[in-house]
Amino acid sequence: MYPAHLLVLLAVCVSLLGAASVPPQPLNLVQFGYLIQCANHGSRATWHYMDYGCYCGAGGSGTPVDDLDRCCKIHDDCYGDAEKKGCSPKMLAYDYYCGENGPYCKNIKKECQRFVCACDVQAAKCFAGAPYNDANWNIDTTKHCQ
């Protein structure tokens, strides 16, 4: 085997090892995004909520900076309660529909799906009812969220 072939083989192996450590994309975050769009009637893009305040986005700590951030903390706590029930809230898909008054869970028989859908619908409606303060997007969480 030529040295160049060994280098290519090594590069492929390293790439595969790196790909194996990439976590799967949570399934229900796409659904949650649709629920948010349904609740706010498309008035604000979903990505605006991904890095807002201390709790909107990955993780969370400290005191929520405003009502919208409080919605995110409540949603995080709801997901925590779902995990205590043995559910995997970020991975569950569920049935819902978008009505004139916002999103609703369909008649869901499985407890985990019903619970997580309720968490997401409550949060989406909370987001729609809370004012959005541009100054709280992409804040320095090490300074404001202790």
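Glycine is no exception: its Cβ is also placed from the backbone N, Cα and C atoms.
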Kindly point out which candidate in Asp67, Asp76, Asp77 is recorded by Swiss-Prot as part of the Ca(2+) site with Tyr55, Gly57, Gly59. Asp76
Can you sort out which of Cys78, Cys87, Cys145 is the disulfide partner Swiss-Prot gives for Cys119? Cys78
Determine, on the basis of Swiss-Prot, the cysteine among Cys13, Cys38 paired with Cys98 in a disulphide. Cys38
Length of the line joining the Cα atoms of Asp76 (Ca(2+) binding site) and Cys119 (disulfide bond), in Å: 9
Ordered by sequence, the long-range same-chain Cβ contacts of Cys72 (disulfide bond) under 8 Å (at least 6 apart) are Tyr49, Tyr52, Gly53, Tyr55, Cys56, Gly57, Gly60, Pro64, Ala123
DSSP says Gly57 (Ca(2+) binding site), in three-state terms, is coil
Name the secondary structure element type, per DSSP in three states, that contains Cys126 (disulfide bond). helix
Identify all same-chain residues not among Tyr55, Gly57, Gly59, Asp76 whose C-beta atom falls within 8 angstroms of the centroid of the Ca(2+) site's C-beta atoms; report them in sequence order. Cys54, Cys56, Ala58, Gly60, Cys72, Lys73
